[in-house]
Amino acid sequence: MGDEESLFSAARRPTLFAPTRRQTENGADRRRTIARKATASRTVGRKTTIARNKVIFEKPKDKPSSWVIFSWGVTCCFPPFLLRLFGILPQSQQAWREKIALCFIAFLMMASTIFVLLFMPNLLCPESLLQNTVPINAYGGVVIFGNMYLSTTMFPPYNTLFEQTSSSFSGIDVSAVFQADPIASCSDNAVSLYSFSKVQSLCQQNNNCLDLNDLVQNQNLTLYTQITGFQNKLVTVSPKPAYDWSDVIQRNLVVYQTNVLNFQPYFSQFPDPIKGDPVDALIRKAQTLNDMTHLMAQSKVATGIVADCLIQKYTVGTLNNLPMSCILSKLFVYTIAAIILTILFSKFIMALLFDWFVSARLARNPTSEHMVSEFALKSPSHQSEPLLGDGIQVLRGSVLTMDSETTVEKVQAGELYTACLVTCYSEGRESLKNTLDSLAKTDYDDRKKLLFVIADGLVKGSGNEYTTPEILIRMMHHSKKFGKDPEPKQYVAIATGSKQLNMAKVYCGTYNVDGHMVPMVLIVKCGTPEEQGSAKPGNRGKRDSQLILMNFFSRVTLNDRMTPLDYDLFTKINHVAGVTPDFYETVLMVDADTMVDTMSLHYLINAVQNDPLINGLCGETRIANKKQSWVTMIQVFEYFISHGMGKAFESLFGGVTCLPGCFCMWRIKSTNKDGLTIPVIGNPDIIEQYSTNEVFTLHDKNLLLLGEDRFLTTIMLRQFPLRKTIYVPKAFCKTVVPDDFKTLLSQRRRWINSTIHNLMELVLVDALCGTFCFSMQFLVFMDLLSTAVMPAGLISTYYLIFSTIAKAPPITDNITNAVMTISMVLVIFLPAFIVLLTGRRLSYIGWMLIYLLALPIWQFILPLYAFWNFDDFSWGETRKVTGEKQSKAGHGDDESSPFEQHKVPLMRWAEYERKTRTSISTN
């Protein structure tokens, strides 16, 4: 018997009848109750009604919500009749109003960002409020008797007199080399009693003092009266040097009120304490504190004329006292910079830790037997206890009675049974073949992977000779038992009105390539007879395709009621795979233009087995057409950094917020601590939230019609906050990205809008790991904020960089602007060090430079375009179909006629079997 007959003879029809309906229903009800309790489900905060396992959001009540009122307030100048004149239909007007309201909020946030970063510091602390004094660190300045002089303007040879001193330490006090004028207050008999009044400069002791007036009048020693201020303007200032507290401590000076004093000449002449001199004791104590204001206030001696002499003799400048508004301005800027840099460096460091220490362990082979699922140790020849009830055990028993030789010896123990979901729409033969070939060639036992391919309607892609289903049918090797013309089966689709009824054909067989023979089922959504004349019969969207799989495995796991399509799938999967569908524990989801690396499936399964808390995971997505055009070139580093820094950081928290639908894996089911099997991706609460078929708000439409992959991750994180979604970098795939700017605009419009609305959902989940600022919830909020103000952030960054470069080297150093400029520059350039420090792909430095040149596209053009198209729910230019007219409404809208639920019968597997056998025996 040939390989094909060996493969397809692995499953036989049961020879015994299934248990009674009551027995099966009781068991199923018990399992569904356990599943719901074990997941500790959270509701989505909306009232729902369930019909035929479809969730329908209740229409808004007569009393509008506060958000609706706000959206009407923002758009009050646009009454309904005016919107109709502009071609906005009544059913789309509320979405348009919400779009304008969101754009208004985004505009306010961006305007606030620009104001805070660029204008607020100068508004709170204008130069008019600052002390009109020269800073002590001004270039070329020296202090002489409390005034700052500019020594670099002196004539030769005197211009080099203080060159070494001023260049090594700007603002140094050189009063000791000049002849000091007598101080009247120090000549008083009451003051002369104290040693500090008798101190002479070093030059006076050696009788070699310079004449200050001579240098000023004849050698061009000038007072420091002008500095370079804001926008390179010269500002006239007092020559009194101003010290910051850091300068006071660094130069070992002492502060008295607003005066800065230098007692070094005193200590040079009187190095030891003087007994009986209270002012000497006060000076020495103040020197250790760098402040004598409080000591002078308490002293009964250092008052009046004594204090006057002390100040006049030893003062070298004033304390730089900032007004409160300037202090608040600096504090505000420093706080923002600290938050930005803390988050940035945290992501940077944790991404490196993940790359160096964690990533390799995720994909290692399981080392303990307890890590391996019981199903992974079974093959079609193993007997086992069922999870589907006694009815399935009958079928499983019949599977064991095979007349032909099976390939049991090829099954490797430890590898999980995995379904590979490929969702197709309008792709051509080359894309489809590349994807299916890559999955079939993965280093994984062919018998334990199932190609689960779904064609979303009878659609012909632009430029294709055949429809996508026709291409797929020609590529697979069909089962002789079921043939090439299966009967369409009904199921309930994600749509409105009569389009909730859909029909699909299930083809089964194998996909053969290079010696690999992989079981395959192809589901072609062909639509009802009434829609055969339309442009896309059967098309209901990618989310509907995913839910076919999710609903199927949910009903299999819980022995729930099945649609005719589910039962047909069950029978044919059992036939081609040789096991009942409840053996499958994971599902790999890929798009039809994705090529999976040979080892990727192996690495992902290893990660699932190594950590039982993992619900979902993804690998790295790389670009297959890097050099096709400038549009593809600017995307290379963006893809790399979103994985290497973004997902790597989130993975350490166990909360990757977006598992891309083009390449990710989910658990179908898991086992809790009591040993009970719990559905994961097929959890009833997950399906209930994900299968919404009527949405009325712009927020819900962006979640469900544009970013279904990201929304699925959001639901999983919200439903299972204590379980993990991770990133496995060793697993990777290659995908074809848009190669023209119009398609890129369309794709990123969907992605950006989906990101914003999903982050809005996640930020409300308080059960994510961490606390306050050290939590995933806070980081999600910061991601949401940064996404909303991205264009303003880019404008501010460029302004700060260009203004810094355009200015000549300033005499004053504006620390506040410098801190903010450095912070914003680091946000842009720090990711480059990820490439350098990981050390694996240094070629990405070149791609990074291209990405940086394209920053205005990524952070300005694309976000603004996405914001303005919040109410566009179509896929635009991303997937072109022959004869299709673009619509903003999304998939499956049909309000013309209601859905007739009775057309889709729902029965459990045992009931279908009983009906089928009765029909066979009758005939």
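The backbone N, Cα and C atoms fix where each Cβ goes, glycine too.
Automatic prediction, not curation, is the source of TrEMBL annotations.
What TrEMBL says about this one:
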type: COMPBIAS; residues: 884-894; note: compositional bias 'Basic and acidic residues'
type: DOMAIN; residues: 243-318; note: domain 'Chitin synthase 4-like'
type: REGION; residues: 884-904; note: region 'Disordered'
type: TRANSMEM; residues: 67-88; note: transmembrane segment
type: TRANSMEM; residues: 100-120; note: transmembrane segment
type: TRANSMEM; residues: 331-354; note: transmembrane segment
type: TRANSMEM; residues: 788-806; note: transmembrane segment
type: TRANSMEM; residues: 818-838; note: transmembrane segment
type: TRANSMEM; residues: 844-870; note: transmembrane segment
Query = Counting Cβ pairs under 8 Å to the transmembrane segment (100-120), which of 331-354, 788-806, 818-838, 844-870 comes out on top?
reply = 788-806
Request  = Considering only the recorded stretches 67-88, 331-354, 788-806, 818-838, state which has the highest number of Cβ pairs under 8 Å to the transmembrane segment (844-870).
outcome  = 788-806
Query = By Cβ distance under 8 Å, which residues at least 6 away from the ends of the transmembrane segment (788-806) in the same chain are close to it?
reply = 105-106, 109-111, 113-114, 117-118, 756, 817-818, 820-821, 824-825, 827-828, 855-856, 859-860, 863-864
Task = Determine whether the transmembrane segment (331-354) and the transmembrane segment (67-88) share at least three Cβ pairs under 8 Å, counting only pairs 6 or more apart in sequence.
result = no
Three-state composition of the domain 'Chitin synthase 4-like' (243-318), taking helix and strand from DSSP = 41 helix, 12 strand, 23 coil
Cβ-Cβ under 8 Å with the transmembrane segment (818-838): same-chain residues at least 6 beyond its ends = 117, 121, 333-334, 336-337, 340-341, 344-345, 348, 351-352, 355, 640-641, 644-645, 793, 796-797, 800-801, 804, 844-845, 848, 852, 855
Note = In the domain 'Chitin synthase 4-like' (243-318), averaged pLDDT is 91
